[in-house]
Ligand code: SF4
């Protein structure tokens with residue numbers, strides 16, 4: 001979008017949009033703050049390396065973390081990192097311009113993973129798995145070089161739910177994306193501060209903030225069809241059964257291993273007559289299930305109502 005178009009669009013923001021944008025900002029801030037606190041994602045003295053891809057999620061993550069840093073009760077530093085994978089048409093100046101404008105510490109890492117992936121993977125095959133592995137290794141190495149103590153990724157609540165269903169449908173596993181995890185070698189801690197944020201909120205926020213989005217299809221890879229199918233399934237449910245997504249996300253935070261079937265999580269063989277095992281729900285097999293939704297009803301209606309044209313233009317570049 002040209003600068004003049006941007007300015008015109010900004011000027012068109014109504015008072016109501018501005019008011020609702022503030023509400024949306026507060027909600028994202030609150031959600032990120034809650035996730036950080038619930039999982040102790042950031043601690044005093046941390047240096048958080050924010051991985052910035054140029055997509056809506058990572059821009060939002062950086063923006064909200066920078067904002068939270070201003071009023072956080074602890075001190076932590078932020079360094080933004082972008083991996084320039086040398087995809088054809090990658091606009092090299094977009095992120096440096098943006099980051100210089102913010103005046104924060106950043107590093108652009110240039111590694112031709114695109115070339116490696118194209119060389120190793122036959123034409124027409126999915127490239128994302130190798131590409132992600134290479135990217136992960138480079139980001140871990142960069143975190144060590146920069147002295148970062150946490151690596152922040154921009155995955156959000158909907159990514160986590162999609163991953164849950166992908167693993168169930170195609171991998172036979174009850175497994176999502178953790179809000180916090182440690183790398184295999186134990187040297188890096190990865191955090192996902194957007195874990196409680198809805199993709200819809202992030203999308204609206206990115207439109208409103210006019211982040212200079214870099215298209216994510218520069219590598220020419222086909223979108224992951226399985227993920228797309230799951231995404232559409234969740235979006236359909238969201239339209240048909242409002243609240244279901246929130247309830248499912250609550251389920252991720254409310255797991256009862258004794259009522260699943262994984263003997264490595266719960267020792268079913270230990271169950272004996274006449275014994276009370278602390279920490280399990282006990283026998284509710286004959287009780288009526290309490291199906292009161294567990295999720296907090298967020299102030300959904302307070303999102304900025306952007307025009308269709310604004311959202312469509314955003315989706316075209318994202
Ligand atoms: S879409 Fe392209 S850049 Fe992204 S992970 Fe897949 S291969 Fe890599």
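Just so you know, glycine gets a Cβ as well, placed from its N, Cα and C.
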Please find, within the list 53-58, 59-64, 65-70, the residue stretch that TrEMBL describes as motif 'PP-loop motif'. 53-58
Additional site residue, 219, 261 [criterion: listed by TrEMBL with 128, 131 for [4Fe-4S] cluster]: 219
Comparing the binding-site residues 128, 131, 219, which residue's C-beta has the most other C-beta atoms within 10 angstroms in this structure? 131
For [4Fe-4S] cluster, what surrounds 128, 131, 219 with a Cβ no more than 8 Å from their Cβ centroid? 117, 126, 127, 130, 132, 221
Which secondary structure state does DSSP assign to residue 219 ([4Fe-4S] cluster binding site), in the simple three-class scheme? coil
Per DSSP, what is the residue tally for the motif 'PP-loop motif' (53-58) in helix, strand and coil? 3 helix, 0 strand, 3 coil
